[in-house]
């Protein structure tokens, strides 16, 4: 098969105007951005308010290898299969981050004949939404340090007199708003800012700080969870960026920077319309990771798509312990719209990797030997798939297992896997998914089974209720969600929980950050671990997003680059075309 | 008068397709980005290669106050005046940086009835070019630290064996590529990256570093100076980011990141087409500041505009000692196209500020008293205008002084100023410029005089030749250019000059970074200083941009936010409109 970028270039795409018309947007509801992208005006939501809401299908997966198991391929492939069957359908996916693109994983446009096109435009900058999040986030960070600097330089009284503003008396040891960058940049995890060997009046006041990747920004979560521009503005104003010397929370509103942040995100709140290689209208919006953020594309995009199309296919990042859990307990709880069906993507490669019999190093490509038949590994790794099927069934959501075929897979082993799944005592459907090699033609069976499951009455049950204590909610995700035996809160975490409860933030949801490479919090434990502990290192209040963010174990919110990063193969050829992107 | 943003909103704009047609682009040569912006494909340059090249008008100014003297207003106003006279005309300006927008100065779209529209789209994100520069720049920074980390973690031999790549042996004390951010963020001037209290294997290796504002990135200069995509790619590969332990220069090509950086800037190399309030086609491209960078919009945009239009109006940042000098000695030397006429913008306010009789603090708004008649201050500050007229004449470029009228100005004082200029012994024309209040109607006299000066035979002479030594070239700018009595090189600067000469970089141009608020390197010295010294603190090789960057005195390459930054007045109203932008 051709490389993804060549398949994409060889496909004749439809104009974005025609795609927008097909999706059901009126002429004033979209603004083309070049030939193949359009920004969608939120005015369409007013017009569509009375429309019937279509079915929402959430694609999730087994515990993945570091390269992923093809959730986006399946999401795009499934949408194309549904279209082949004559249904109206849209896909909703996240905007890819430059971190993985230049790091290990490469692009996130799907692959083969199930791609969002043009893939290089999706993978690089798109319509600038992630950059807007980064810019708005770092504006608040600059505002914090500037305020500390001017208040301390002048003294609180002089500051108040001179500016006619109230001094905020920010405790520079208690600033909880890091800076962000959309790159994998290990060296920025812990930094000292405001360094000044000689003179405090020059570079501000020294303090310890750090950078997260933009996908982990609370603003990214807000973009994905906001209902409209006004809700975005209100949520931004609730963000707590620091605490005063008296321990009082200081918000972006206190810094008078919330308005400017919202202004900076005014275009980002509009989803971007693109198309799949087979012309399925696709909305791209927001890009939170599912390990260190809530991992789902936006409520606004789903809201638009489900009012326009019979079926909307979206995805939650990583395995069902990650993005799927957060789709249910954070996204659906906010939007009020639960998924009508879940698709659990599995691969032979991924199951064998879950046997623990192969050495997989985070940040490194997976070994080719994973594609060779290995019955013992398959049987052992199968436990992981069972775990994810059971996990999805906990939420009362009907499911279909999609076996995402890789070109190198053995036919015999694929059939074996299907038999093993059929033999399970769950009401789950199974289908081979060949979207990568065949596009929509390869996913019609999957599409039929998904449509069938969508007819079932959903009995959606989230894992916890808002009124439970913060501790109980974290326990619910760790124990009922992951199957942990225990949860250990650090002293710091206990103190933070106490303060958040005191300050009235007890009713927020919880968002756990952990490795996606294991159901447990330890990346090397494969399969379906039991009896493990979930250590909660520290918490972060995300009052604007509406959740409390809990860091499990040694999870990092800024990835690093490997020895041979993906950027090394990228270039522009003599005709001005991009090469090396996949 | 209405605020700028309301004037802009009240104006009925032409579709960008119609503007592109009017400018002379064929349908395949532009891609609309929403209703009022379009990216211009560089393919147009091939078609236009045989066209006659029109006249290039460079707008410069006296030494400005921190708020500027209205160069962009005059640039846009003049282009509208020329159009009113029936000429074909285009304007070429830089993309505004978010630093000044959220900091002190506000937007950079012009003002009143001489604006580029829609001003909020120009001022915020535009088509993402500055973000692309920032992303490409910081990718190289992440690549450097990742390489240092992996080589030191594994040891050079193990690294080479494991990766089959040559160890670069980067001296972590000699990394010369800082990170960048498009904000005024004082606390990032000096930072420590890779901090790790416990374990080097987690956060990389600690070293001292800093951030510049994106406008000062060498990549921004490359974007502005490149001839085409291939030239951009080649220039990026020549960037020296660090030195090895043996003192050898290490380039982005050595890091195998140059290709990915070019990929990231592939859309940024296309200028963005917009329109003025009176429908003059305007190209926006690149955004280097003129104090800490070379301060002019792109060669590509000028190249396109001068082949399409009879007249192209562009501007160099700050006074004629700044952007104008660099337009002549760097930009024109690279492009081969010298300006045919210079417009020197002056204001009553700016001249009075140059008297030194008013207290002006950098980073603070100018006092209102500057608008009251003050003959002594005007006479004293007039010396500054004389200096700039003489400076422009040095280069053999015919000039027109544009007196940019502010609504608050006294008519009597404006007439006085015109008489003073007429009395000067220079072949300079003078015109009142009323673009702010009247648009093109207010600049027709200026336009006529500029057109007249464009008919003169240009005798363009740059200040120095490539083959002179680095020291001689810096001396030429400081003494012949600024009128300094002496130049003092620090020991560090002398060492750096020696090394650069040795390593074959002696033929590059020189780009001096200094305060724009004085002709000297000391911001508080107003008027037309004489007998001053120019201290050269240190140099930075910009082998990709093609110049050696010299930092004069204590100039900062990352601005800071003032006590009451401009962002405090920005917000979104209940109808979703931006308020507070000017």
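Cβ coordinates are placed from backbone N, Cα and C, and glycine is handled just like the others.
Owing to the predicted nature of the structure, the values given are computational and were not obtained by experimental measurement.
According to TrEMBL, the features are:
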type    : residues                                       : note
BINDING : A:65, A:66, A:67, A:68, A:69, A:70, A:71, A:72 : ATP binding site
Using the Cβ center of A:65, A:66, A:67, A:68, A:69, A:70, A:71, A:72 as the ATP site position, which other residues in that chain lie within 8 Å, going by their Cβ?
A:61, A:64, A:105, A:347, A:350
Within 10 angstroms of the C-beta of residue A:67 (ATP binding site), what count of other C-beta atoms is obtained when all protein chains are considered?
17
Taking the Cβ of residue A:68 (ATP binding site) as the centre, count every other Cβ atom within 10 Å, in any protein chain shown.
22
Cβ atoms near residue A:69 (ATP binding site) (within 10 Å, other residues, all chains):
26
Could you tell me which three-state DSSP class residue A:72 (ATP binding site) falls into?
helix
Per-residue Cβ crowding (10 Å cut-off), top of binding-site residues A:65, A:72
A:72
Here the 10 Å Cβ neighbour count for residue A:70 (ATP binding site) comes out at 29
